[in-house]
Amino acid sequence: MTVELPSTQRALVFDTWNGPLEVRQVPVPSPADDEILVKIEYSGICHSDLHVWLGDLKDMSVCPLVGGHEGAGSVVQIGKNVTGWQLGDKAGVKLMNFNCLNCEFCKKGHEPLCHHIQNYGFDRSGTFQEYLTIRGVDAAKINKDTNLAAAAPILCAGVTVYKALKESNVAPGQIIVLTGAGGGLGSLAIQYACAMGMRVVAMDHGSKEAHCKGLGAEWFVDAFETPDIVSHITKLTEGGPHGVINFAVARKPMEQAVEYVRKRGTVVFVGLPKDSKVTFDTTPFIFNAITIKGSIVGSRLDVDEAMEFVTRGIVKVPLELVKLEDVPAVYQRMLDGKINSRAVVDFSL
């Protein structure tokens, strides 16, 4: 089986941070001996793509750049040293790749912490293009029965929330608060949390209450209209939730979480406020034996586990399919807080 390939492809490129986003023709790459070439059929649009383009993550990214890091498609070429892949297989291109597989972090399953990591859509051109090479050992295998459009966001958003839920150490039957619950990450987190047996308190703007409860949240807290968030959640959960995951990109909910989480509870930070700084009183942190930790995407195994929920239909990805040319408009809606679903580029449009 051979696949005839074009010499050029469409890609969404920016030359300077916060500069024009332009669809251009760029060369189709050839895979190295240890790589496969994936025809990208769908690419999720992540908030971090927006922040890279805006220049908020200059220390981690380069220009010019093709953004994107949630790509799903089909294998169309295979390097001579690659094993385990066949032409036509469904493959995923996730954010963090090129880890060494030999350091202490890789050996313990903490692959995203490897010092050799390279990030698609950050320091390597990413999935907002029709063809992309990736090492065979890095590409995620996607079940042939999995909806590829739904699979794309799982490669970053899905595994991010799934791993954060695992990091929260909240057990089945216990309560977890999800801030920013009505957004793209939160919408997935509600479903994963419910599937894992957790009881969910969703926190976001009041306009997103029906959306969050429709996904399985047991309670909803209006983050903008509730007079005293800390006392309200403490009372609602009879002593505080066992865990909190902060998806909101603001300082206040991060600081409040330390005050209302249950004794010996865990607060997980995922959302990045613009200035990346928070301030909180160390007294409750110490005297209540609270654990505060960060969480960033997940390992190969985490990706496989997160994808299985989607393949089995347990987690449903709220999708909005858009054209490649629509990415700038999606970024603006993200800035305006008007995204309830996962926007995904459909390259057939």
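FYI, residue positions are counted from 1 along the chain as it appears here.
Using N, Cα and C of the backbone, Cβ positions are placed for all residues, glycine too.
Within Cys46, Cys63, the residue that Swiss-Prot lists together with His69, Cys156 for binding Zn(2+) 1 is Cys46. Together with Gly180, Ala181, Gly182, Gly183, Gly184, Leu185, Gly186, Asp204, Lys208, Val270, Gly271, Leu272, Swiss-Prot lists one candidate of Arg124, Arg333, Arg342 for binding NAD(+), that being Arg342.
The Zn(2+) 1 site is set by Cys46, His69, Cys156; from the centre of their CB atoms, other residues of the chain with a CB within 8 Å are Gly44, Ser48, Asp49, Gly68, Glu70, Lys94, Leu95, Gly121, Pro153, Leu155, Ala157. The Cα of Gly182 (NAD(+) binding site) lies closest to that of Cys46, out of the binding-site residues Cys46, Cys100, Cys156. For the pair Cys103 (Zn(2+) 2 binding site) and Gly271 (NAD(+) binding site), the C-alpha distance works out to 27 angstrom. Around the Cβ of Cys106 (Zn(2+) 2 binding site), 19 further Cβ atoms fall within 10 Å across all displayed protein chains.
Note on proximity: of the binding-site residues Cys46, Cys106, Cys114, the one nearest Lys208 (NAD(+) binding site) is Cys46, by Cα distance. Remark: of the binding-site residues Cys103, Cys114, the most isolated position is Cys103 (fewest other Cβ atoms within 10 Å of its Cβ). Around the Cβ of Gly271 (NAD(+) binding site), the same chain contributes Thr179, Gly180, Leu185, Asn246, Phe247, Ala248, Val249, Ala250, Met254, each under 8 angstroms and 6 or more positions distant in sequence.
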